[in-house]
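> Let me begin by handing over the structure; questions about it come next.
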Amino acid sequence: MTFIGELAKQERLIAVCTIHQPSTAIYLAFDGVMLLSEGRVAYRGAAAAAVDYFASRGRKMPELTNPADFLLDLVNADFADKSEVDELLDAWADSREKRDSESDLTALGAEADLDGDGARPNVANQLAPLLRRQALLLSRDPLVLFARALCFMLGNAYFAVVYIKTRERHQDQVLNKMWLHVWFTAVPSQITCLLVFALNFEGRLVRTEVQNGLVSPAAYLVARSVLELPLVVFLALAAVGVPAYAIANWQASRFATTVLCWMAQQYCWDAFATALAVAFDNPLIGAAQYIGCWFSAFLYGGFLIPVKDIVWPLRALHWIFPLGYAIRSITFSEFVDGTWDACDKYDEGSDFCYCQGEDPSKSCSGRVVLDSLEIIYPLFSSKNTILLDVICCLALAVGAKLFACVAFVKSTQGSPPPKAAAAAAPEKA
């Protein structure tokens, strides 16, 4: 408290301290005091003048008494007679001291509802400070930002080295390149389960703020959603940049398109993590549910078993997760503009030529390779579905966000937090 006082004087700041039982030394360090009881003001003014004010109301402080303890005992209905407390509250409401203090504040340009009768801050004026706070928390949280980016980059770099021969567009590397796209997309989305823990912890803290009337749930959710967009851009550049283009030699002309497809599916997975973080009080349960969703997306993505061969209702799982959309679009983006070498170079070592219908002694286009790949994996084709796939991923993300909003708002409408409940108990009794 001494340091806060020194800092306030040095930087010309106003320090507001909510404190319940300060020592005499701390109380004497205050310039001003506002004493509250039952949601009403019992005194507001100079700290040094508080004892004299209550003495003028017939409440003289005994000698060798901590002023803070004396004042709190006067206005605490748990220890003093409630009628006496109400008398002090009414006396302040009609006092000259109240009018003088309000005049002083008005002269300083303070346009506030000093007795707490005004409306709470709305979403608009909470959004800017919440954006600043969430950005600061995000920059300080290694799990949400830097740890995930590092894991994405190192994990994808590892797969790029494993599939290093896919740098050249050879016939015998078509399937390997397709599977590299699978790992580049699927593994980072699996690591996102760690986000459930961070968001669950943050959600519990914000839920208490909402229940105490300090924060609007809508303002918090909007601020978090806005900040997730640059976060996903950063993660996409970390996951795809060096591993895909410096190591795996992907098509540089398709960089923006590939990053967009990767971002759309990752944003969707982050939305799923948010929904599960607020839906379950225990983060372990939320993380387990996330892994279950991810495994279903991997199993029914269309690259292990054709979608038409998946029985209903399990087939629906292909459409409600973003993995299949992203892998289809990234494969199209990477293959379509490429030129693949002739089939006759691999007569002995290749079981399948991906230049179907073309002269085996000549190179073939990426579209022809995609049409040939469709024979084995119907998920892929030379048809451009990038826009549709991105829209589907974003639509799934919006659905998950709406679910998270409903779950979060519902969780804040329960019983009040412990402190509020404790304060309300004596009045109910």
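Backbone N, Cα and C define each Cβ position, glycine as well.
Automatic prediction, not curation, is the source of TrEMBL annotations.
The model shown is predicted, which means the values in this text are computed figures rather than measured ones.
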> Check each of the ranges 266-285, 286-305 against TrEMBL and return the one annotated as transmembrane segment.
286-305
> Answer with yes or no whether the transmembrane segment (286-305) touches the transmembrane segment (178-201) by the criterion of at least three Cβ pairs under 8 A, sequence separation 6 or more.
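These two stretches do touch.
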> Counting only residues 6 or more past its boundaries, what in the same chain has a CB within less than 8 Å of a CB in the transmembrane segment (221-247)?
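For the transmembrane segment (221-247), the nonlocal Cβ contacts are 123, 127, 130-131, 133-135, 138, 144-145, 148-150, 152-153, 156-157, 159-161, 164, 184, 188, 255, 258-259, 262-263, 266-267, 270, 274, 401, 404-405, 408.
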> How does the domain 'ABC transporter family G' (20-76) divide up by DSSP, counting helix, then strand, then coil residues?
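Going by DSSP assignments, the domain 'ABC transporter family G' (20-76) contains 24 helix, 13 strand, 20 coil.
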